[in-house]
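Input: a single structure, listed below in structure tokens.
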Amino acid sequence: MPKTLAEKVYDAHVVRRTDGEPDLLYIDLHLVHEVTSPQAFDGLRAAGRTVRRPELTMATEDHNVPTLDILAPIADPISRAQVEALRKNAAEFGIRLAPMGDRDQGIVHVIGPQLGLTQPGMTIVCGDSHTSTHGAFGALAFGIGTSEVEHVLATQTLPQYRPKQMAVTVDGELAPGVSAKDIILAVIAQIGTNGAAGHVIEYRGNAIEALSMEARMTICNMSIEAGAKAGLIAPDQTAFDFLQGRPHAPQGADWDTAVEYWSTLRTDEGAVFDAEVVLDASSLMPFVTWGTNPGQGLPISERVPDPAEMADEGERRAAEQALAYMGLTPGTPLTEIEVDTVFLGSCTNGRIEDLRVAADLLRGKKIDPGTRMLVVPGSVGVKSQAEAEGLDKVFVEAGAEWRGAGCSMCLGMNPDQLKPGERSASTSNRNFQGRQGKGGRTHLVSPSVAAATALTGRLTAPADLIGA
Ligand SMILES: CC(C)[C@H](C(=O)O)[C@@H](O)C(=O)O
Ligand code: SF4
């Protein structure tokens, strides 16, 4: 029977299948961070268990780490306790850890691909919803809860039910200044934050095939914001080129064998999807969110929507609440919304290509004097690469702050936060109430919109900078 890519990867990892019970899946790679792992390790300890395959497990510090003064003790007691617990647990259970200051440290979803740990055809889990990022390589990658983290640590397996399959097909050519972030924001605006619930999304079509790995990761990263369990893309030459030569990628004859297998990882002709969504890339504009969930987004040329014009009662109420929280008035052109903060970073858009795109727009210019811009590389590796290319200088000369690696202002679990009432343009993936700090207001944008916005102090499309 013809199978989808996700079904192939899933079926290749089933170690036990019994009627009326979930399948038991083998897990190839388990990524760990400080927030969702302490209780899992406590559970192991209490049961006298060990980690079944420590060499398939890798930990990093990302959510709670400051991006300034990383040698000083972490001020916040909860953050400090979580980071210290991870260090103790990694040492006790024999797991590799990239602590603050280590050259491999960074956001868990940035370092996996960077180190070549993330590979096509794998099952990858982490106690973190944006684990879907790794699906860009044709891996079945998804977030798990802390009790599941404990299960994977103890057994290297996970009970699962077979997910449903959704195809998101994107054909056509993106206009200049329109990026992967705009594709995924448009998809979520179209299907809603619950639109892919219970499904694994496969992104396909020539617009997806034309994307770099960084851009594919941006798209897969936000699958969860459409409610999906995971998102993936068939691995191709672009994926193989990205991986070749990375520290954990196969080498020599093993590389050739791996590529041969990886090349079979595509959806068979005639495979059936439970749902299909189609998008025309050539019709897309830069997208920005106006509300408090990632589905509340519009092309930047539009105006703040009027809840009164929304037919659906639930949608109308959600929009009313969102606008009240965001302090926005219906009918305001989105490009007139002024921000005080621009955040460029996160596991959605904190990779080298994202920094390059933004630096290209900022080179030789100054950001708006009333706006602060934080540039936070997703990992120490991204930071070093950017510095080797002189991007840090471009940002600093433009008036932005160049920081250390971590989740930073993506979420309020570290010192980088919005103050109540402050408004950001942010390249991250969630605009929930209080996400970037209590009372903070978030507009999700692409890296190029972030840079253009930093220059003007209001939501701005890169195309509108021409001649400015
Ligand atoms: C802290 C962690 C559990 C959380 C997640 O699962 O996604 C965080 O990374 C986020 O982005 O909200
Ligand atoms: S960067 Fe943001 S979305 Fe990604 S793992 Fe960190 S907190 Fe979660």
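Glycine is treated like the rest: Cβ placed from N, Cα and C.
Of the residues C220, C347, TrEMBL puts just one in the [4Fe-4S] cluster site with C407, C410: C347. Sequence-distant contacts of C410 ([4Fe-4S] cluster binding site), defined by Cβ-Cβ distance under 8 angstroms and a gap of at least six in the same chain, are F343, G345, S346, C347, T348, S426, S428, N429, R430, R435, Q436. Of the binding-site residues C347, C407, C407 has the largest number of other Cβ atoms within 10 Å of its own Cβ.
Annotation note: C407 ([4Fe-4S] cluster binding site) sits in a coil segment as assigned by DSSP. Other residues of the chain with a Cβ within 8 Å of the Cβ centroid of C347, C407, C410, the [4Fe-4S] cluster site, are D62, H63, I107, H109, H130, G345, S346, T348, G350, G378, G406, S408, L411, S428, N429. Taken residue by residue with DSSP, C347 ([4Fe-4S] cluster binding site) is part of a helix. Residues in the compositional bias 'Polar residues' (424-434) partition by DSSP class (helix H, G, I; strand E, B; coil) as 0 helix, 3 strand, 8 coil.
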